[in-house]
Each structure stands twice: as structure tokens, then as C-alpha cells.
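**Q** Mind having a look at this structure? Questions to follow.
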Amino acid sequence: MGTENPGRPNFPMRPSATPFASAPPTVRPFSSSGPVVGSESSNVRPAPPGAPPTMTPFSSGGPRPPARFSDPPVPSPPLTSVPPSGGSYQRFVTPPFPLAAQTPPARAPLVGQPPFQPPGSQVSVPPPSFRPQTQVLPVPMGSPPQNVNFPPSSANVPQPPSDSSFSGPRPNFQMASPLPDHSATKSSFQPPFPGYPGKQPAVSQAPSPFPAQQGNFMPPPAPPSPFASQQGSYAPPPPVAANLGYQSRDQMQHPGSAPPTGSIQSLTEDFSSLSISSMPGSIEPGLDYRTLPRPLDGDLEPNSFLEMYPMNCDPRYLRLTTSAIPNSQSLVSRWHLPLGAVVCPLAEAPEGEEVPVINFASTGIIRCRRCRTYVNPYVTFTDAGRKWRCNICSLLNDVPGEYFANLDATGRRIDLDQRPELLKGSVEFVAPTEYMVRPPMPPLYFFLIDVSISAVRSGMIEVVAQTIRSCLDELPGFPRTQIGFITFDSTIHFYNMKSSLTQPQMMVVSDLDDVFVPLPDDLLVNLSESRNVVETFLDSLPSMFQDNVNVESAFGPALKAAFMVMSQLGGKLLIFQNTLPSLGYGRLKLRGDDIRVYGTDKEHTLRLPEDPFYKQMAADLTKYQIGVNIYAFSDKYTDIASLGTLAKYTGGQVYYYPSFQSNIHGEKLRRELARDLTRETAWEAVMRIRCGKGIRFTSYHGNFMLRSTDLLALPAVDCDKAYAMQLSLEETLLSTPTVYFQVALLYTASCGERRIRVHTAAAPVVTDLGEMYRQADTGAIVSLFCRLAIEKTLTSKLEDARNSLQQRIVKALREYRNLYAVQHRLGARMIYPESLKFLCLYGLALSKSVPLKGGYADAQLDERCAAGFTMMALPVKKLLKLLYPSLIRIDEYLLKPSAQADDFKNIMKRLPLLAESLDSRGLYLYDDGLRFVIWFGRMLSPDIARNLLGPEFAAELSRVALTENDNEMSRRLMKMLKRLRESDPSYYQLPYLVRQGEQPREGFLLLVNLIEDQMGGTVGYVDWIMQIHRQVQQNA
């Protein structure tokens, strides 16, 4: 446990670390034999039918509600995953906590039944007597608590263990408000819906002040139970290591947030758990799938980071895998999860906020003269404001005269309110001329377009030409924007776009071995000057090649030609490729269909570029500030592994449209190309991330070229790109209480200004591994895991990459289990920190994702490589949505009267990705951020299908296009899809329609993506958890 450091922030937002602060969320697992609450792997058996049911005295962590219920007997939970009306798949708010002094009396045996006497051989330590005068909190039957402190007689709560900033076991959730009067909470204890017991409030737990006694204790009778007697239908066994009982649907979906019931552990449990017990009708251990945690609320950005340090930048710009930095190498070695950060430097600002732009003008940008850190909210001013101390390297710097301001009595500058750079974690500085190697470049767009026969037939050329023409007004940087074109098949076609021409002149180069530029100027032109020539060219391009029957592709020589034209200025190169390169430099051969290579040591070579030409070209392009985006269209193999290398090392991205047909996929290409052309872009950028003394970033993952050990070259970067990096400790022990991180992106804005965007964040240094786990950020960890696993597929077999991922999760959970194995009776429970409750599910989703899943037959090689390039660049939120997509039932929303249909959020209740979530009478929408799948149940009302699909509603859905029909239901569906697309415009989701039972279409569009199910030899969620639990226990 760390001790308090002088000057160290004390984090006032956190709750007290006493065992009475709040009870931890624990999980109540399924019942093991239908309606009877079953036993765990112990010798305790439920009472036989007909025998009088017995009850243990109530020693739960939560009080029972007052005697005001007259509920019917509780039936067994239904085994369907269709949510009840009222929407069960929501995280419920933790109920208010009653005061310790108002703890209600313990529950008695059922009316007319004797209290239960536990046999001494089964329960070693009895609970203490309940004394109503002092109302000692209930204590479990179990091993004696460790280091028990007797509470003073004047109070019935123990003293806090210490005042350390990071105290030991502590609850995972914070008390949001003062404790209300117990009587005021009665109304909230009603059962949420018939057939399930109501949620019970959690109360604090105390260590037992009594020594252990061996099996000679009989609990006294307690007040009568408020529940009516039930004959032979509900017979709980004595408390065992895991509490067994019923759960409401909310608790099943969010076990981490369920209030504790049943037996209490000796100490306050600072973790969440799943109980692994025998399933009904089986002696094998198992899990009820309904108890498993699921991220049905999407990605939740970590709040503790901002609560502890309010001046930190928003998590959308910088997320650490844990907001508690380890102070020693030994802690790092026990962490087992990636230690690092995910940075999205140009993420769109939170709604209503903007990153302030600061122009220091004559002063020059204020930076530390030793480590070059930019001035930020965490620097401190001393010597009456004449000096400032760098928060990263601690050097004392002089304050320039123009920047000087006096300090007030608290040491703050008197002009602090007028200085955004000293108040906000994210700012943008206008860079003076010394930050420029050359004058800022204009925004430049160059198009390299395949015009071979397959490109013509697919309709790609027409869509591309129309889209570019429609976006000319919106290209950033007017009136400085430059534009140029090259087309190619077996020859290379250049276009003179000089502004004095009425139409462009085409020049053909057929010498592929010695490519040259036929015209020194006018291949790249100023758009505003040559606008008419450019429009004429785009209008005539589709017809120019409509009779082309050339099947060859001189892609490599055409790429070299584009590089020669662009190398003076740099810019963005957009490549539209439809045919496998077959002539000149960089020609490629078919290699993706060799099934014999899979499973061997040579398997990974299929995912690497075949020809070194592509990596060498990428290095040259980056050097001259050229970023490449690849648009690949083909129904045949086009070697995305080789072509994608160009995007990977130039900070670009790959768009893949397999079997492209303009009448089906045209809208997707149109929208995604338009966004690529019109989104704000940072040109000729470099990025560096600095951190405090004793730690450094050692490896970087994403689409970029590493120019030096820590400088990322990004010729073109935008808001849809994220980069991951891993940390290591340079020193054996960190002596500082806080570590600071600063991301700096130096770039040219489209307006022509050179700017520096700076994001600064602070994080505490800890000595406690448990605190690292408590402050973990699943989203950032999964982002790093994803990039590491995809990189591993480039050097190893797919199976090795999946196993490596699973082993790291197992090691982390085993280390976490070992933290609590001594103090707590864990039994057959699988425990995990609340912050990482979704880690196992995301690990499974990653193993089943396109870049990693299965083998030869599970995904085409091009599809696998394209998905890998895409996922390497995705920001955290978009990646998590792709890994665990939304599944929403929408027919109920479409049938609502229009007055009620405006509540869009209410229908966005996500369902578990299970086949059982699908009701054959329903209409469902699956959304992974890249596409929509709309699933029509077999028994869906024909009226709904007719309204949405028109007269073709009974046809095979693969032939039906979704268009807006003239009725309210169809308009409402199209409006809903539009809103979902607007919430994340980076990709355009095309709707694919599928009817239940339409195979194989239903299988590959939807069923294979229900990742919680067993499918095609892959494990389901329950089996995955069991696998991980077994491996955790092996060496625990």
C-alpha cells in the first residue's frame, strides 16, 4: 500500500476506503435444479420434495424489504432471452444504501418451520448472535476474518484502515449522494416485473468481532418472514463459497452491478465474480449465460481519469490502458496486460466544445528548454511569476517578459482565466516560421484510377467520377487546393489540365520499364483556376473508356508516375484498383488459394507483401509527405496484403468493396469517398508523445512510418485515425507521485497555417497492483490487444495469435485472483475487477474477428487483410462497436403511434449476440459500424414486410433493395437508419436484408456474427469463460 506523499493530489472524488463505504457488486448465479436453489460443488444437497423446506437464518449483505409484500410464489426464471416489456437489458442504478444503524432485522425461517442448524462438518464457523441492542452487522459462516479490529463500544463501525491515497480493498462504485432515510426507499423495492424478486439494497459489511467457534452454535429465532410460506418449492442450502439464488433480468445481464445477497465473505469484496457450479441435469460445472457481463451500453469512457485530474484532456484524445501507473518493474511484470495508451489526436471535439487555438505571435511558443514540453495546465510558476517548472522533467525555466504575470496568494497567475493553455488539457498553437522546413503545402488530391475492363463493367469509374465532381466545392483549402489525375490499364494515361484549355489533353506512356512524366507542369493544377477543365474531364471519363477491353493492370509503373508528379508538394493519393497488378514493377501473382500453406510455418507469408517494391514505395511516399488511401474493388484476388502496405506506412487506410457492383454498392462508395475528400485533414504531420522521467514509450502500433525512435511520420491524418503505443519503465523504481503525458501533433492545416495540437494528461503512480486493475480501461486494453494480435498474424499462424491473446487474459486474471486468494474463500468462483468485466467477451470477439478467426475456409485472404488494415487504424469506440455490434429489435418501434415514436434512445436497447435473442415474430437490426443487416423473422407480420419492402416482400431478399416507400412505417425505418449513420459518419452502412431460414445468406450475414454462440467449431461465450476459468485455476 502506498503512503501519502506531500503535494500529491488526494483525489477527493473517491469514496472512503473503509469496509463500510459501500458493498461491492457481486453476482448471484443461476439455480442448479430448476426452481430449487442448488448447491455448488459441495456436499450440501437441497431438501427432497415433500420434506419440510429449511431456511438458513438471513445473513445476507442486503436487508430484506419491509413486510409489505404479498407476492405470489417465485417461479423459476424463464429460459428465453427475449427481453420482457420494459426493457431489461439496461444497467440499473445501484439502490440507495441504508444507514448502518438502521439495518433491518435478519430474515427468519419460513413460517411454521424450524430454523436451520448447519452440520458442523459442512460449515466450520457459525455466525455470531444477533443482538438487537447494538445491531452488529451480519457476519458469514466461514473462516475467521483476517486482522479483525474490535470496534469501539460507542459505535458499530470499524475505523478506516488508513488515509492512504490508494487504500486497500475498496468498493468499485462510488456513492453518488448522501445516504437517504431508509423509509424513503420503500417504494423502490417493488419487483420490477412479475415472476422475479425485486432488487434489494446493498448494505455495508463488517469484519466479525468474534473469534471462531467450531460447529456448536445455534442461531436464535428471528422475526417472522414477510414472505408467505411456500410448500416444498424453495429450499436454499446453507451458505457456501458462492451465493446461489434467483436474479432479475437486469442482474443477469449486468452481474457486476447486482447488489450483494446471500452469504458474505469475511472481508469486503473488492471484485466482481461469476459462480461456476453444476448445471441442471449435469454434474459438470457450468454457467448460466444470462449471468454473464455484456457491454450492452457500448463503450464507456473512463471517468476516474478526469475526476482525479480535471485538467486532463478528454479521453477521446488519449486513453491509458490503466490510469494508475506502476511504480516498479516488478509491478509491470505482474500486470500481464498491455501497458500503454491509445491516441486519436484529431478526434472530433465533444459536443459544444472546441479546441482553443492560441497564437503567441511575438512571444514564441513557451516550451521547456530541456525536454521541449509545451506549456500546459500542470506546469507551476515560482519566483513571483518569473520562472516556471516543467511538469515532465522538473527543469526551472525563465518566463519571457511578454508572458509574465504576477501570482496571487495561492501561487496562481492572476491572468489564469485568459490563458486556455494553462486551463485546458487540449489546445492548438499556431506555429511560427521556425517550425517549417518549407512553406506550408496546399491541400493536394491526386487520383490514380484503374480503367481496365473489370473496372468499367463494375460501374466503379462512373461512381468515382460523379462523386469527385460533386465534392469539388467542398474540398478543403479553397482557393489553394491542387488536383490531378492518372488512369491506367496496360498503359499509363496522363492528363494536361492547364486552365487555358477547353478540355483536357490525354498523353499515353506505354514504356513501363522506364516511366517518365511527359509534361513538367499542368498535370497538377490549381482547382479554382482549372475548374472547368476538371469538370469536363470528370464528365467524360466514364464514356472515354466504356469500350475498353484491356484486362491488364500496370499498377506499379502508374504508382511510380503518380509519385513523380506529386513529389514536389506531397498530398493525398487516392488509388482505385480493380485488377491484380500484372505488368511492370510490382506485378503480383495469385497466391491466396493455396490451402496447403495454412497451418504451416509459411502461413503468415500470405499476409505479407509479396514484392518488396510496395514497402519501398511506401517509404518513398512518406518521405515526400504523400499519404495513400486504397479503394479496392474486385470479385477476384487482388492481393490486399501487398497493396495495403502503401496505406499502412503512409498513415492512410484501405477501403475494400469485394464484388463491387455500382447498382448495389454504389451508394456506399459514394458516401465514403465523399467523406474522405471533405473531412478536415492534417497535412505533412509528425507526432511525438512525451512522458515523465523514468518511463518511455517503446513500441508503436497503427498506420504510420516511424521516422526516429519516437517520431511518427503522418503525411495525412484525420479524425478517424488512432494510434496505439506501449510503455516501459526505464528505472527500477519511480519516485514521483504523478506521471504526465503530452501528445504533440505538428501539422499543416488546410487553411495554410502550421499548427501544433497538444494534449496533456496526468496519472497517479501506485504501488498496489489491485489499484492498477481498478483503474484499468478495457477499451484501451482491447485496442492494444487488437493491434498486437493482428501484427502477430504477420509473423505467426492465426492459431498462435489467438492463443497468445487468450494466454495474456488468463495470466492477468490469475494474477488478480492471487491478490485475493488468501483473504477470501473464492471456491469455484471466477473473479475479475469490475473495470475489466467485459475483457473476456472482447477477447472472444477478437478471436472471432475477420483478421484472426478460423483458417483457410473462414475468410478470404483479401477480406482478412483488408479487415486487419482497417482495425489497425480504428479509434477505440469504433473498434469496440465492430467487435461487439448492436443487435436491436425494431418492429415494436415501427408499429408505435407516431406520437410515441420520437423517443429514439428507448428503442436502442441492445440485445446479447445470441441466436436466442432473435424471436421469429420480430424484425431485428444488426449494426457493426460498417454495415446493417436487417433480419426478418419467419413469423413476422406480412403487413410489416409489405410496408417496408413493397410488392416484393415475399421474394428472396437477396434480390430486394431497401428503398423508402410511401407509408409511415417505411419512412420511420429509413429515418432511423439515417440517424444511426449520422452518429458515426466514418463509414456508410449498406443495409443487407435476410429472412430467417434463408441459407447460406442468413449464416454468413448474421448467424456467424452472433459471437456468443458456438458456431462452426468455435467456442461460445459460456465455454470460453469456462476455458479461461480452468486455466486460471490450474496454477492459481
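Glycine is treated like the rest: Cβ placed from N, Cα and C.
Straight from TrEMBL, here's the annotation block:
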COMPBIAS  15-42  compositional bias 'Low complexity'
COMPBIAS  46-55  compositional bias 'Pro residues'
COMPBIAS  72-81  compositional bias 'Pro residues'
COMPBIAS  111-124  compositional bias 'Low complexity'
COMPBIAS  144-167  compositional bias 'Polar residues'
COMPBIAS  202-216  compositional bias 'Polar residues'
DOMAIN    365-403  domain 'Zinc finger Sec23/Sec24-type'
DOMAIN    440-676  domain 'Sec23/Sec24 trunk'
DOMAIN    682-766  domain 'Sec23/Sec24 beta-sandwich'
DOMAIN    777-880  domain 'Sec23/Sec24 helical'
DOMAIN    909-974  domain 'Gelsolin-like'
REGION    1-244  region 'Disordered'
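So where do these features actually land, and what's packed around them?
**A** Beyond the ends of the domain 'Zinc finger Sec23/Sec24-type' (365-403), by six or more residues, the same chain brings 311, 411-413, 421-425, 427, 429, 431-432, 690-693, 740, 742, 744, 756, 758, 760, 762 to within a C-beta distance below 8 angstroms of the stretch.
The domain 'Sec23/Sec24 beta-sandwich' (682-766): residue composition by secondary structure is 0 helix, 57 strand, 28 coil, according to DSSP.
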**Q** Take the C-beta pairs under 8 A between the domain 'Sec23/Sec24 helical' (777-880) and each of 440-676, 682-766, 909-974. Which stretch has the highest count?
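**A** Counting Cβ pairs under 8 Å, the winner is 440-676.
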**Q** Suppose you look only at the domain 'Zinc finger Sec23/Sec24-type' (365-403); what would the mean pLDDT be?
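**A** A mean pLDDT of 95 is what the predicted model shows over the domain 'Zinc finger Sec23/Sec24-type' (365-403).
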**Q** If you run through the domain 'Zinc finger Sec23/Sec24-type' (365-403) with DSSP, how many residues end up as helix, strand and coil?
**A** 6 helix, 11 strand, 22 coil
**Q** Work out, from DSSP, the number of helix, strand and coil residues along the domain 'Gelsolin-like' (909-974).
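**A** Final tally across the stretch: 24 helix, 11 strand, 31 coil.
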